[in-house]
Amino acid sequence: MIMIFGIPIQAFLGQLLIGLINGSFYAMLSLGLAIIFGLLRVINFAHGAQYMMGAFAGFLLLSWVGVNYWFALLLAPVIVGLTGIVIERFALRRLYNLDHLYGLLFTFGLALVIEGSFRYFYGTSGQPYETPELLSGGVNLGFMYLPIYRGWVVVASLIVCIGTWLLIEKTKLGSYLRAATENPTLVQSFGINVPFLLTLTYGLGAGLAALAGIMAAPIYQVSPLMGSNLIIVVFAIVVVGGMGSIMGAIVTGYMLGILEGLTKVFYPEASNIVIFVIMAIVLLIRPAGLFGRDA
Amino acid sequence: MTDKTLLSVRDLNAWYDESHILHGVNLEVREGETVTILGRNGMGKTTTLRSIVGILRKRTGTISFDGTDLMNRPLHHTARVGIGFVPEERGIFSTLSVEENLMLPPVVSDTGMTVEEIYQLFPNLKERRNSQGTKLSGGEQQMLAMARMLRTGVKMLLLDEPTEGLAPVIVQRIGEVLQTLKARGMTILLVEQNFRFASKIADRFYVMDHGKVTDGFDLAELPAKMETLHEVLGV
């Protein structure tokens, strides 16, 4: 048997892949958080709830109206994005002139209300969501058995991350977003409707969370608490990557997912805390984060 | 130049938080005219421009532009009615390339310059169009801040201290650019400490003191005013 650093290569590569899959969700979620924080200066604690809503939207679309996974993949982000737009337009907007803490507290409260409501109707036990037929089954990679759906998640998340990055770095709309992140008042004086841009951005961030949610539905069970379990780790990733850095959020998401997976091989006891240990170290050495600019 | 009044400001009062900065400013700019506001630091010149644009929201009085009342309009309507603002700090974006900075403000009318015309006027910007916006020198950043407004087709430019901190040769270049714009019929309201620079391009002057316009005169009257100006401006 081939060994690598004293452990079987199968176990090593297996955990690497599991880490990559977790990292795919981390990257998509921290990306949305970074976009929202960059422009709105709001630490969106409702992000986990919006991820959960995405998964539930997929689940309910299927069980109520028979909408399959592929349509849910489009519809769930739109539905949750629209709720985000309503939240920004009627509530969040009123808090911009106050201390950032208010935005954090509001979205935190919102997350509790949303999760509590879903728990009231669906309890805490998860609802199963079947893997779409096209992506069921798996392939034997030699070192491990890879369920096709998980491979799809890695590819799809890469496409989403790169697509979002291109949208922000290479398009006209992206240049509005970047400029408004730097100096919203001046950008508005140029004739760009910045308040509308903020609404749109919150909707986009919420929609990204929902997209991750519907993609997670066949892997993890659809449960009201699925977001709150994940979101604390994602916040740690955003801190490590640097608040508001888009590329930082993506790269750090994958990186820490893989690192977490590898820790499971080498020292399983530490796998639940490794991301937080790294966050603490990064905060001590580079408070602005690995990819953040010193403010 | 025509006799039509483009910008009219009446009894403008403005506040930063609790401090009352402008105490009833009155001024007018006619179409095609270049007007300079003179005054020492802290007399309310920048505040006047920021209030007209609508960046400073705590204001009373009337501001009308081309027959449109600007007081109750949101900030993003100011450019759409035809006012382009070039702030003192220039406001070049570091996360945008030079060309992205140039293309950022939306076009509001078809009277603006084309990108080719702008690059002809500012060849440096063409050369460095792929650089990061804030990697430009101070003078180039000032050119870029002006250039991006010329593309939009605004009728009027509000320029806040465009020559501040720049080398004489760059100041001269900015003067030439402003002459070119005047020749094209652009209306300009300029806040300027550099009196020599202002006297070469302005058709008319206002003097501000303690949040009020205390004097206004044509270029022809300038020689007669020099002595009082030296006192008021401390130059």
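Here the Cβ of each residue, glycine as well, is placed from N, Cα and C on the backbone.
According to TrEMBL, the protein has these features:
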type     : residues  : note
TRANSMEM : A:12-37   : transmembrane segment
TRANSMEM : A:49-67   : transmembrane segment
TRANSMEM : A:73-92   : transmembrane segment
TRANSMEM : A:101-122 : transmembrane segment
TRANSMEM : A:142-168 : transmembrane segment
TRANSMEM : A:196-220 : transmembrane segment
TRANSMEM : A:232-258 : transmembrane segment
TRANSMEM : A:270-289 : transmembrane segment
Selected stretch (most C-beta pairs under 8 A with the transmembrane segment (A:49-67)) from A:142-168, A:196-220, A:232-258: A:196-220
Positions on the same chain near the transmembrane segment (A:12-37), where near means CB under 8 A and six or more residues out: 4-5, 43-44, 47, 51, 141, 143-144, 146, 150, 153-154, 156-158, 160-161, 164, 168, 177, 201-202, 204-206, 208-209, 211-212, 215-216, 219, 230-231, 233-235, 237-238, 241, 243-246, 248-262, 264-265
Same-chain residues at least 6 beyond the ends of the transmembrane segment (A:196-220) whose Cβ lies under 8 Å from its Cβ atoms: 21, 25, 28-29, 31-33, 35-36, 39-40, 42, 44, 46-48, 50-59, 69, 72-73, 76-85, 87-89, 92-93, 96, 126, 129-132, 149-150, 153, 156-157, 160, 164, 176-177, 180, 226-227
Chain residues in Cβ proximity to the transmembrane segment (A:73-92) (below 8 Å; excluding those fewer than six residues from its ends, i.e. six or more beyond): 40, 42, 46, 50, 53-55, 57-58, 61, 67, 103, 106-107, 110, 198-200, 202-211, 213-215
Tertiary contacts of the transmembrane segment (A:142-168), as residues 6+ beyond its ends and Cβ separation under 8 Å: 9-10, 13-14, 17, 20-21, 24-25, 27-28, 31, 35, 131-132, 135-136, 174, 177-178, 208, 211-212, 215, 218-219, 246-247, 250, 253
